[in-house]
Amino acid sequence: MDRIPGSTNELGDETAPGTWRRPDRPLFDPPRLRTGEQGERKTTWMELFFDLVFVVAVDQVARRLEGGVTGSAVVGFLVLSVPVWWAWVGYVYYVDRFGTDDLSDRLVTLVKMGLALTLALRAQDALGAGAAGFALAYGAFRLVLALSYAHAARAAPQARGASSRFALGYGLAALLWLVSAVVPAPGCFWLWGAAFLVDVGTPLVLAGWNVRFPPNTGHLQERFGNFTLIVLGESTVGVVEGLRQQTQGPAAGIAALALLLAFAVWWVYFETSDGAPVQAVREGRTGPYNVWLYAHLPFTVGIGAGAMGVMHAIREAAQPALSDPSRWLLAGATALCFVALAVINWAYATSGSRWHVPQVGWNLLAGALALVVAAFAGGLPALGVMGLLTAAGLLPVGLDVWRRAQRQGR
């Protein structure tokens, strides 16, 4: 293969990290069905850029918990987390199926990035005065996705039937979101619910699409991994902001333990990452794949809530006891992360990867211990609660290291 003059890079066909765009590639490359392509497919720079921007919206939704851990704040956080995560998933799957990273793809992605930032801007008051702005941004985001599928239906004849139905379903959902912007509360929220049901129902009705045109195993696994990594990194911002307000000794200890807990979550997710559920779709088995996909929602929610829990713990570092709402937020988020990780590992195991079977139990144990801390650690200071949760999170890591050492005869 030819190389770039004066460079060690090959003139590859992709614009993935570590590659270079061929100078003779057309600026406009119509959507084409890519699920049957052979060979490794990497995430493009533009996809990574989009993820970095989109995580801002995820972070702003989580910051609804920053002002205080109240029932309304928690409900608002959960209600908004679901559609925001779903918007990211919709983009990922379109690109996996039809993305060519041409000029039009990049410009459409740029528009979606702008809409994602608008979602972030409106997230704080999306259930109040900012509801119309949030609905307009979300509806526009889904409308762009629907138009992308309509374009793919014309450009890729072999997938025209399914693409047209995706365009119709997502377009109807987008219309409901846009109409809700001019409907006063509480009617607008009923329209949100109806729109989301149409949004989620569309791929469920077209479930056979995944078997006929299965996703790219490596590309999809890498997309979810990259997004998880960025969300984990963003979660540390709360630690820094908390330390700016509270710099006493216990606060630094809480921050160190929080970093250690984030490391444990990172270890369990990435050390056990496996493309088996996505690969199973090619064999006609969609159950493990769907479990793997949807388990990422509570996992992402848990990371965001945990970041806010750490922030509150640092703020209360000097108090004799961590308040009950903050303790439940922090411990509950930790439990949610590890239960979601257990479900993800279960998806790996049911896809045929027996190595993951013990990890399911270890993660469930960590989640159960976190719930015990939530229920029975009342009266402990924030540092003590954080220490117990970190110990619970490190348990599956230690067991995984021990098992690997045993396997290697050490």
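Note: Cβ is positioned from N, Cα and C throughout, glycine not excepted.
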Which stretch, out of 43-62, 383-402, is listed as transmembrane segment by TrEMBL? 383-402
Count, for each of 162-183, 189-211, 223-240, 383-402, the Cβ pairs lying under 8 Å from the transmembrane segment (74-95), and report the range with the highest count. 189-211
May I ask whether the transmembrane segment (326-348) has at least three C-beta pairs under 8 Å with the transmembrane segment (252-270), counting pairs 6 or more apart in sequence? yes
